[in-house]
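S.K.: Here it is, the structure in full.
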């Protein structure tokens with residue numbers, strides 16, 4: 001049972017079970033403990049693997065239950081908080097629903113304690129870049145700004161330190177939105193929706209529904225920013241209770257942010273305002289132009305001026321693991337796009353470059369097709385190097401499109417060595433896996449860090 005009651009939650013003396021011992025779960029435990037709750041943290045990972053964490057938790061006054069989940073009943077627990085990485089089908093969540101124990105996610109719990117207006121950003125791709133860009137726009141404009149959420153810093157860790165005069169910019173995932181009950185941001189941004197996480201959500205319809213949960217409880221005085229060029233997000237406008245602002249890279253709009261005469265502009269009731277030349281953007285690729293347009297729409301809705309936005313657009317250079325330039329060796333640029341964890345993200349990465357590409361791709365597939373990705377590989381890639389659990393699926397899809405210049409790699413050191421030997425001056429070596437990292441790494445950051453380390457150790461890197 002997802003808990004919809006009062007926005008503020010009285011936690012003192014309550015027995016709370018937190019499911020999932022990742023970064024989010026541990027942050028929730030600390031927050032609950034500081035509120036006077038009696039906290040139990042559970043995770044299905046083996047006890048031996050979690051022994052060190054169990055000792056730390058016990059010293060903090062938090063009860064660890066690892067290796068198996070405890071049974072959930074109304075007598076034992078007043079509240080269950082589920083981490084975003086934990087499916088809602090696990091036994092504790094199902095048992096809580098049957099027993100009438102309220103279930104919240106970390107995003108929802110954090111929102112219950114928020115005082116600052118929240119700008120929330122979701123979408124299949126571009127979330128982190130857009131979240132970081134919006135956050136920087138408000139920081140540059142002089143606001144005390146929290147940038148948190150799915151971007152790495154749990155909202156729950158910092159949310160109470162920000163007042164009604166400040167700004168919270170939150171990256172939110174479909175997993176977090178699944179458990180949203182009262183969550184209602186001042187500005188909701190949906191960048192795009194393409195197939196992703198279907199292994200978790202089960203269907204495209206369920207995935208879209210989870211994303212749309214970002215705006216379901218907004219008020220008429222709020223704003224929803226949607227991508228006019230994406231047919232799925234454009235159609236969602238019909239269901240928005242808030243004021244809709246579109247952004248578009250391809251169309252002229254009556255209201256919203258778009259491109260006219262190679263300039264980013266914003267139109268509303270007060271007329272057309274020029275924001276900045278497209279050429280002033282420091283982040284490469286047409287997808288990053290879309291991210292910039294979304295950021296402009298959200299910030300214009302909140303009252304930032306064209307001059308403030310133009311300043312940030314001209315100085316923002318992007319974030320790690322998203323088309324991150326590493327170095328140039330023998331005339332070959334090496335680019336880390338480890339955050340490209342699905343085919344659509346990898347397609348956008350390939351489209352950002354107009355020279356031959358040596359592509360490193362592969363990892364753990366999230367249950368999606370590689371057909372469109374393979375077509376783009378045939379168009380943009382000279383050499384494909386596959387690695388990881390489902391690299392062979394990408395190779396098979398590429399061969400089906402008539403692309404055969406494919407080299408399988410044993411591991412990442414082998415993949416980087418192959419790329420180094422294959423690449424020619426003037427080309428790009430691009431890591432954009434189109435898969436998650438979970439077959440070989442803890443997360444995409446670890447994968448990207450290893451790639452950068454291996455590249456920087458290559459000969460002739462000055």
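Residue 1 is the first one shown; counting continues down the chain.
Placed from the backbone N, Cα and C atoms, the Cβ positions cover glycine too.
What TrEMBL says about a protein is an automatic prediction, not a curated fact.
Pasting the relevant annotations from TrEMBL:
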{"type": "DOMAIN", "residues": "121-299", "note": "domain 'Mur ligase central'"}
{"type": "BINDING", "residues": "123, 124, 125, 126, 127, 128, 129", "note": "ATP binding site"}
{"type": "DOMAIN", "residues": "321-435", "note": "domain 'Mur ligase C-terminal'"}
S.K.: Across all protein chains in the structure, which of the binding-site residues 124, 125, 128 has the highest Cβ count within 10 Å?
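M.R.: Per the Cβ count, the most surrounded site is 125.
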S.K.: Name them in sequence order: residues not among 123, 124, 125, 126, 127, 128, 129 whose Cβ is within 8 Å of the mean position of the Cβ atoms defining the ATP site.
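M.R.: Other same-chain residues with Cβ inside the cutoff are 121, 130, 191, 192, 291, 345.
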S.K.: May I ask you to report the DSSP-based helix, strand or coil state of residue 126 (ATP binding site)?
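M.R.: SS state of residue 126 (ATP binding site) = coil.
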S.K.: Under 8 Å Cβ-Cβ from residue 123 (ATP binding site), six or more apart in the same chain: what's there?
M.R.: 130, 189, 190, 191, 192, 193, 211, 227
S.K.: Same-chain residues six or more away whose CB lies under 8 A from the CB of residue 126 (ATP binding site)?
M.R.: 191, 192, 287, 288, 290, 291, 294
S.K.: Would you identify which of the binding-site residues 127, 129 has the most other C-beta atoms lying within 10 angstroms of its C-beta?
M.R.: 129
